[in-house]
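Asker: A single structure is presented below for examination.
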Amino acid sequence: FLGAGKPPMYGDYEAQRHWQEVTYNLPIRQWYFNTSDNNLLYWGLDYPPLTAYHSFLCAYIAKLINPDWIALHTSRGYESQPHKLFMRTTVFVADLLVYIPAVILYCFSLKETSTKKKASICALCILLYPGLILIDHGHFQYPLSLGFALWAVLYLSYDWDLLGSVAFCLALNYKQMELYHSLPFFCYLLGKCFKKGLKGKGLILLTKIAGTVVVSFAVCWLPFCTDMEQIMQVLRRLFPIDRGLFEACMFSSPPPRLANIWCSLSVLIKIKNIVSPQTQLKLRETKPVLCIAVTYANISLISFSKVSCALSFFLFSFQVHEKSILLVSVPVCLIINEIPFMATWFLLVSTFSMLPLLLKDGLLLAYVVTMPAFLSACVASFSIFEKTSAEDLQLKPFSLSLKGYVSWFKSFPKIVRSLFLLSVTLMGVLSLMSAAVHPPQRLPDLFPVSVSVISCLHFLLFLVYFNVIILWDSKNSRSQKKIS
């Protein structure tokens, strides 16, 4: 894993272990404060309370097995094989309890997967997504926030709105980056209330949802609500806006490149040198989160809107690390059965965009194995190369609106397949060069920058594509309602 045996920070594995050390040995009121026993510059807690509680639970179990694993101060940088086994087991257990059941139930609930075989194939392809496997089990993090968000989508699809609200509150209280998905959930539930009428059942539903959200947050934050300073300190740790648009990993040299607009533009324009942190914050706030309102009481569009919203946030908001793309990738996994070709393409690019981080983690072999395995599974399961027509890509309404260009869409499948093969070839060549070729001395960051820029261009095109689907699907729905 990244940083293994490399003081002073050791890596994300050490971050998770250190949070267990802090939460077990210190009182709750000190978890987010800088003290002699809790140096916030050394992997200080910067995730919401639910992450801290999870760390405490893992620490309690670790204490029963070997107290040295979480001993205050003396356990820093602990990397024994038994401890690695324990830590990786905790990730696997989190997968088994939260993420994997949500994926399986979601796939079996889809109308399109009419048979158990189709549902199983869909679930297998989602679970084989290499990005999440490599980050969770290689780079090291827990899948709980994404799992809770997936449970929320599943509950909403069954009209269990209160359970869906609780599940999404848990996701938000595990990782604040779930705000990427908050607007589609908010608009869907609010739209449903409006649809029922705010003078009758809609008002009752709105009151229930509001009460559920307040109670869920209150339960999670209760230990930190003893005074305002506690609350403000936790919020300062969760939203470090003074860092501006960029935040490099402290142990990276050179820092990894992010496949978003700001890092890609910084290749040509040194934004950090010419734009103040205050202006950077304003730029972040102008990110174009498009088409969110079309989730208005329409469950069929919520996954597409989550993709569009999360991708807009990823491209235009201030970033923490490359793995934020997973917040886009998991919603894309949910629509792999609807648009298998484009979903597979996006998921390959999202994993490729994390290549600099994966190389630093020593995950080259795992990357080389999981990427072709995932592509092969999607090709075999969905026959993706046979599903490249405008109708298969859900672009039929859009193509019909371009009256003078409909004939051009006849060659559309061939063009799309050619672009896909060109894209995959380019990713393969760059992956090989990044791993095996030394960059020129004058351009030491040549390969990470190339990965960043190429991935960013892909993501911009995908953003346009997903928003076209949402806009024209929404326009189509409105037209049908008028006819009715």
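Any Cβ shown, glycine's included, is placed from N, Cα and C.
The following feature annotations were taken from TrEMBL:
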TRANSMEM  85-108  transmembrane segment
TRANSMEM  120-142  transmembrane segment
TRANSMEM  148-172  transmembrane segment
TRANSMEM  202-224  transmembrane segment
TRANSMEM  296-318  transmembrane segment
TRANSMEM  325-352  transmembrane segment
TRANSMEM  364-385  transmembrane segment
TRANSMEM  419-437  transmembrane segment
TRANSMEM  449-472  transmembrane segment
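Map these features onto the structure and tell me what's around them.
Answerer: Long-range Cβ contacts of the transmembrane segment (148-172) within its own chain (Cβ-Cβ under 8 Å, at least 6 residues beyond either end) map to 48, 50, 98-99, 102-103, 105-106, 109, 178-179, 181-182, 185, 188-189, 192, 205, 208-209, 212-213, 216-217, 220, 299, 302-303, 306, 330, 334.
Residues of the same chain lying 6 or more positions beyond the ends of the transmembrane segment (202-224) and with a Cβ under 8 Å from any Cβ of it are 28, 32, 48-50, 161-162, 165-166, 169-170, 173, 189-190, 192-196, 230-231, 234.
For the transmembrane segment (419-437), same-chain residues at least 6 beyond its ends with a Cβ under 8 Å from one of its own Cβ atoms are 341, 345, 348-349, 352, 355-356, 359, 364, 367-368, 375, 447-448, 450-451, 454, 458.
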Asker: For the transmembrane segment (449-472), which partner among 85-108, 120-142, 325-352, 364-385 gives the most CB pairs under 8 Å?
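Answerer: Between the stretches 85-108, 120-142, 325-352, 364-385, 325-352 has the largest tally.
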